Amino acid sequence: MNDKLVFLGLLYFVQGIPYGLQSSLLPVYLRGAGHSLTRIGFTKILYFPWVLKVLWAPLVDRVGTKRRWLVGTVSGLALTCLSSAALAPEAHIWGVAGTLLAMNTLASVQDIAVDGAAVGLLKGRGELGLGNTAQVVGYKAGSVFAGGGLLAVIDVAGWSWMFMLLTFVYAGVALFVWGAPVLDEETVRGQQADGSKKGGQGADAVRPWRVWRKLLAVPGTPWTVLYVLTYKLGEQGAVTMFPLFLLDHHMTARELGFWNGVIAMGFSICGSSLGGLLLAQFSIGALMRRVFVLRTISMVFQSSLLTVLEPSPLMKGMAVLSMSVQHFLGGLITTLTFTTMMHCTQRAEESIQATHYSFLATLEVLGKLMFSALAGGLVDWFGFQVAFLFFLTLSAGTALHVWTATFTGALREHQQPK
């Protein structure tokens, strides 16, 4: 089991690097250069490959091996970073955008392959909880490394050295995956072998609507689809805009890189880790019901801070506390969500499991992406206070949706302790 966790955690770590670069480093850089919140919000379009990944997920499912896909995509990320080391962001902003677009494309294909491997490797609810903890913690650690750590030192080290470091990181992981024995396990080999032997899959490959019918017919999929599209809406708006409010009124870019990019994300990792431990003791439904209520309360507290515009040590401390609590609860919710998604996927037949999980993960990204792109416009048009009231309303609505499902809906069956 430890080998599986190290393998998955490392792959999700490098997968989180592009997200950290774009979500933490790029907005602060653009805001410091005087760009509007609306324009910063529209940079979320660079995440678009994550929305499209469900289209090529069947190809990853049926062609080649998971090892080859993983080595190929991670090596591609290393080459992309190597070429990006020659760029100067002040003079080549479109080159920087192209780099992030290429990194998101390669990372999205990598995600399909590693998710497919995880579905085959993780057995039982105990392994599911720990495996999804490794997934979320690894991804967020990569995001912290890129968006917090590198943001804090980029003024000293420079853009070129930062991307040279990322080149060596990706190259090392590619070599590790090439020789990783965990991919030789019978569960993964059996899944690949079954996929190549089932006669109906060739027809599915040329008739994709059959695959879509199979995906939607998996028990629990309709509720899960609605949930993953909406569960992060309010939180995502607050997470995206509150640091920029602090940048405008209370913190420098370097302070924000440390407190939001490192400390708050560290709390997010702690929340994700705690989620895996709690899943070994309590049902998913009972945990989700309570945590979503706590998240709504934390957003009330954060929204109240928007009335304070004068800088002060007390305000800065309250802001750090607010971000830390928000990220802690967000990390906990993310682990619970991805465990719910994987549990749903394991009900599907093996030939479409990677595609099914990629389908759910794509919708999860789509929900966050669309709202993140609009959040900046909402703040520019209506101001921080009105926009955050809307974010809070969305968060409360999601809490009510989850609360209802734990008693009468899709989460009811998970109420028994594990």
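Cβ atoms here come from the backbone N, Cα and C positions, even for glycine.
Now, the feature entries from TrEMBL:
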type: TRANSMEM; residues: 40-57; note: transmembrane segment
type: TRANSMEM; residues: 69-88; note: transmembrane segment
type: TRANSMEM; residues: 161-180; note: transmembrane segment
type: TRANSMEM; residues: 258-280; note: transmembrane segment
type: TRANSMEM; residues: 292-309; note: transmembrane segment
type: TRANSMEM; residues: 321-342; note: transmembrane segment
type: TRANSMEM; residues: 354-375; note: transmembrane segment
type: TRANSMEM; residues: 381-403; note: transmembrane segment
Same-chain residues at least 6 beyond the ends of the transmembrane segment (292-309) with a Cβ under 8 Å from one of its Cβ atoms are 234-235, 238, 242, 245, 249, 315, 318-319, 322-323, 325-326, 329-330, 333, 384-385, 388-389, 391-392, 395-396, 398-399, 402-403
Same-chain residues at least 6 beyond the ends of the transmembrane segment (161-180) with a Cβ under 8 Å from one of its Cβ atoms are 7, 10-11, 14, 17, 67, 70-71, 74-75, 77-79, 81-82, 84-85, 87, 146, 150, 153-154
For the transmembrane segment (40-57), out of 69-88, 258-280, 354-375, most C-beta pairs under 8 A are with 354-375
Long-range Cβ contacts under 8 Å made by the transmembrane segment (69-88), restricted to residues 6 or more beyond its ends, are 11, 14, 17-18, 60, 95-96, 99, 102-103, 106-107, 109-110, 112-114, 117, 159-161, 163-164, 166-167, 170-171, 173-174, 177-178
